[in-house]
Amino acid sequence: MMKRQFEDVTRIVIKIGTSSLVLPTGKINLEKIDQLAFVISSLMNKGKEVILVSSGAMGFGLDILKMEKRPTNLAKQQAVSSVGQVAMMSLYSQIFAHYQTNVSQILLTRDIVVFPESLANVTNAFESLISLGIVPIVNENDAVSVDEMDHATKFGDNDRLSAVVAGITKADLLIMLSDIDGLFDKSPTIYEDAQLRSHVAVITQEIIASAGGAGSKFGTGGMLSKVQSAQMVFENKGQMVLMNGANPRDILRVLEGQPLGTWFKQIEEVRHD
């Protein structure tokens, strides 16, 4: 029987999405953010190094500006995200401070990771922050980037951004928090007999199709970008866990080896009992 082994994991990238941070009412999920800060601070106290990739700038901005709908105009999207990013970081800073943990902000655009000099600079920034015991909080710089907005030239969403960050920081593990339990063989919202994939060692065409590619049973939902992110992690010889973010404390259970979510790890590195 395959067993998850995370005892040697030191550097962890955690990605949390807007759906985990913003309630269906559009209000901010303060309880969830507090739980996340507690978990990350607990991991830091145990000697782990944690980087947080956080979406939510648009959601925070809509809440602050009392806008019911996301604007369709690109410039307004950028303005709303700019307002929301400040509010989000302010809240993160306040809540993490309750657990004596300092945070910093790193905003990325595609050109930063494309050009060697800027990539080296941001890599050094990550290393310096981590060496100081600070949690870098990463997001795309929506105020100047059109990649994540409703625009044709997409860098990718924060799922892929988290995989990029895991790669450039040489993280031991990427934990992706979602509003689903993991990767299923088909859509659990449509098929009652859908089965959760506990482990994925190879990203096959079947998996890509079931996640949102051609002939998908999933349709929309963002699963394809998560599978693509896992593929990027594989290319960097890393591993990833896709799990439900409803209870951030489950991160601690995952690191204890409990079989929550879907574990993406290439087969040649899998350890057996």
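Just so you know, glycine gets a Cβ as well, placed from its N, Cα and C.
Taken from Swiss-Prot, the feature ATP binding site applies to Lys15, Ser178, Asp179, Thr220, Gly221, Gly222, Met223, Leu224, Ser225, Lys226, supported by sequence analysis. Taking a C-beta cut-off of under 8 angstroms and a sequence separation of 6 or more, Asp179 (ATP binding site) has the following same-chain neighbours: Gly17, Ser19, Ser20, Asn244, Gly245, Ala246.
Per Swiss-Prot, the feature substrate binding site maps to Ser55, Asp142, Asn158; the stated evidence is sequence analysis. Every protein chain shown contributes to the tally, and the Cβ of Asn158 (substrate binding site) ends up with 25 other Cβ atoms within 10 Å.
The number of other Cβ atoms within 10 Å of the Cβ belonging to Ser55 (substrate binding site), over all protein chains shown, comes to 25. Among the record's substrate binders, Ser55, Asp142, Asn158, no two C-alpha atoms are more than 11 Å apart, and one pair sits at exactly that spread. Note on proximity: among Lys15, Met223, Ser225, the binding-site residues of the record, the Cα nearest Ser55 (substrate binding site) is that of Lys15. Between the binding-site residues Lys15, Ser225, the minimum number of other C-beta atoms within 10 Å of a residue's C-beta occurs at Ser225.
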